[in-house]
Every structure is written in C-alpha cells, then in structure tokens.
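Peer 1: I'd like to ask you about the structure that follows.
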Amino acid sequence: MRNAIVSLSLHVLALSFSVQGRPATFLQDFRITWSDYHIRQIDGGRAIQLVLDQSSGCGFASKNQYLFGRVSMKIKLIPGDSAGTVTAFYMNSDTDTIRDELDFEFLGNRTGQPYTVQTNIYAHGKGDREQRVNLWFDPAAEFHTYTILWNHRHVVFSVDDVPIRVYKNNEAKGIPYPKFQPMGVYSTLWEADDWATRGGLEKIDWSKAPFYAYYKDFDIEGCPRPGPETCASNPNNWWEGVAYQQLNPVEARRYRWVRMNHMIYDYCTDKSRYPVTPPECLAGI
C-alpha cells in the first residue's frame, strides 16, 4: 500500500473490500446511517441498491474519516420520472457549524429532461457555493464514475474523469480551505421536492415509487483517522504528486467544455445573491 493509505474497493464481482491487504465486508467498514431495510445487496452481492419510497429514504457512511486523498464510486441513478428526488455522494466532517463538506448531489428530473448534478463546498462552516451542471449523458442507463480528489492544492470534482469543478487552496488570500478536519464518506437517497427539481416546482410522483439507485466499485484512497499522524502531511502521497497539483492540458480543455456547454448555474455569477463576486471565484483553475 502507498504511504499508509487505506484503500477500499467494492468490486464488480463481489461485495468485498480490501483494507491494507485484508479482506473485509461492506458492514465491517461502512455503516448504514438510516433505514437499513431500504439498502439491499443485489445480483449476488455485486452491487448495492438504495430505495426511496413514501415511508423513507436511506443512507450509508464510512466508519472511518479521511484527511486528503481521492474518493470515487460508480452510480446508476433513478431512471424515468425522478423529479423531487436527490441522490447524494459527499464527504462531511460531521462538526456542525464549523463543518467542512464536499458534495455531489444528483437532482431528479421529469422524464426526457437532463439530469442535473449540483456540487457544493463548505470550508470552515461556510457553504453556499452551489454550481449546477446538466449531465451530457443518461446517468440512469448505466454506471458512471464520480470522483472527488482532495489535496493541499485543490479539490477537483470529476465525472468519468472529466473535471466539472475545481476549488483552489487560496488561504494566502484569506479564503477558507478544508484542510484541518478529516471527513467521512456518505451516500444518501432522499426526497427533496421542495427544492430539488426546478426550484421545487416539480413534485415527486409517488405513483412511480419505489425509486432505486445503484452503487458499485466504491474506492477510497486517503489518510484514515484515526491513523498515522504524519500521513496527511506526507508530500510523497500519490495524490500530492506533480500530476495532481493542477489540471493537465487535456483535463483543462474538458473542464472548459463542460463549463461552456453544460453549466446552468454558478453562484459566482449570481448577482442577486452576491453583488460582489466572491473572491474564490476569481482564482481560476
């Protein structure tokens, strides 16, 4: 293993994990946070199914927290009419008002409309940094990979290795950056029809329930807490390497393509909320 890294993989062929060379099961290293009867192993344990119906949504979380690294999972979202639902994949420090958080939230849609992914970043308790992108494919037709890379230099949100958001470390300019608090990894499926689809105009059609989202190939590579104190500051961790300090030319081109063609909301340009452009918006990539 690289530099005392913990690496967990939910393999395609079995619901099994590898933690520093030892085999482990899902429930050994993850916990169901609510409605365990709405989380199912399917296809002989090759994947996980989350269920939302009128009685409840559901969620699960890592038992450990991590400080820096990369987290990814493959998700197949709710097909058809999913308006009012939210499927979330995020990291959270679980520290209330001073929390750090890195969010992917997939906002359901009416049939035939594009799926929207909302990202948000909380640093030292300050959030309200929403950006929304319409996905350029049908995320309910097959699995796609969603990744959060988090190092001392920046946070990068990616979809199938295409960067859709970059948040740089600009502490030198007085802009908060999440780097002191370890975060757990969470995923939830829940009802949010007061805001999720067209600002709450589109409500859940419960006649279409139950709603299903599917997960596999869950992977964490980072510094676990509790764990070696020197891990997070080790410059030899692969995610701190030169190749991960900024987007390469291909990644930068893809990033600009997404922003030009698929971004539908950016808090940075919302003058009704921010008459003065937030300073982090001027940092570029």
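Cβ atoms here come from the backbone N, Cα and C positions, even for glycine.
Sharing the features that TrEMBL gives for it:
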{"type": "SIGNAL", "residues": "1-21", "note": "signal peptide"}
{"type": "DOMAIN", "residues": "15-215", "note": "domain 'GH16'"}
{"type": "ACT_SITE", "residues": "Glu101", "note": "active site, nucleophile"}
{"type": "ACT_SITE", "residues": "Glu105", "note": "active site, proton donor"}
{"type": "CARBOHYD", "residues": "Asn109", "note": "N-linked glycosylation site"}
Peer 1: Do you know the mean pLDDT across the domain 'GH16' (15-215)?
Peer 2: 88
Peer 1: Can you give me the same-chain residues 6 or more apart in sequence from the residue listed as 'active site, proton donor' with a CB-CB distance under 8 Å?
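Peer 2: In sequence order, Val86, Thr87, Ala88, Tyr90, Val117, Gln118, Thr119, Asn120 meet the Cβ cut-off.
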Peer 1: Report, as a single number, how many Cβ atoms besides its own are within 10 Å of the Cβ of the residue listed as 'N-linked glycosylation site'.
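Peer 2: The answer is 25 other Cβ atoms.
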Peer 1: Which whole-number value in Å describes the distance between the Cα atoms of the residue listed as 'N-linked glycosylation site' and the residue listed as 'active site, nucleophile'?
Peer 2: 25
Peer 1: Just counting, how many other CB atoms are there within 10 A of the CB of the residue listed as 'active site, nucleophile'?
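Peer 2: The answer is 20 other Cβ atoms.
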